[in-house]
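Going by TrEMBL, these are the annotated features:
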| type | residues | note |
| --- | --- | --- |
| TRANSMEM | 24-46 | transmembrane segment |
| TRANSMEM | 52-69 | transmembrane segment |
| TRANSMEM | 113-132 | transmembrane segment |
| TRANSMEM | 144-163 | transmembrane segment |
| TRANSMEM | 169-192 | transmembrane segment |
| TRANSMEM | 204-222 | transmembrane segment |
| TRANSMEM | 228-249 | transmembrane segment |
Amino acid sequence: MNAPNEHDFPATPLRRLPAQASAWRLQLAIGLGACGGTALLLVHAADVPGTVAAYSLFAYALLVGGLLYRSPPVFLRQGPGAANGITLLRAALAAPVSIVALHPGSWDTLTTVWLIGISALVVTLDAVDGAVARRTRRTGAFGARFDMEVDAWLILILSLLVWRTGQAGAWVLLIGLLRYAFVVGGWYWAWLSARLPPSRRRQTVCVLQSLALLAALAPVMPAQAASIVVLAALLSLSYSFAVDVLWLYRHANGAPTR
């Protein structure tokens, strides 16, 4: 029999471990309620199409499936933990925002205000999940990666919203796409996928991207001012990526291309 891969989807872990199963079910249910409730709020209060709710729940189902599939065995044995539960909540709240951003058609100022408010909550909770992880001493590579993926996706969606509201040109999408270009580069140049040391600069720049994009979305912000704000954010992000790429290159030790 082959040894199980850490990413193999377990057949019955939640049935064998009632306590852990309860933790998973509770946090998945909270996420489902947050996703569905936020979607319905946007449908009724912001007058977005009703299909947004259905697509949001479908997106959440895909998220949960991917999370369970990719979770390492320790998470399935011990439960996701409070910090990862908060990250899951952030992803659940971001799902309806993503669907609105990707949905064809335009929306009014009230919808934009709601999208800003929900996104701001997701950004605020980013500080909470990290603090909870450190306090509960459940920090790890998987939780950090999950948190980073939620951050990256939200920044991409906010970039799309800024473009679609006419606050900046299509170039603003570079803010959201740079990180994914970095990942794709790592598929070809192995040295780009090496582990980077922790960096306060990287964390600060990430937060600044979110704040700049939220500010640019504000209806009271003139388009010209919004463009200046997000351009400054893009330049700071480009600088941060350049620093990381240079560090990885200097420490590559002749890593081959793939």
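Any Cβ shown, glycine's included, is placed from N, Cα and C.
Proximity of distant same-chain residues to the transmembrane segment (52-69), defined by a Cβ-Cβ separation under 8 Å and at least 6 residues beyond the stretch ends, is recorded for 7, 9, 28, 31-32, 35-36, 38-40, 42-43, 76, 88, 91-92, 95-96, 98-100, 103, 146. Ranked by number of Cβ pairs under 8 Å to the transmembrane segment (144-163), the listed stretches 24-46, 113-132, 204-222 are led by 204-222.
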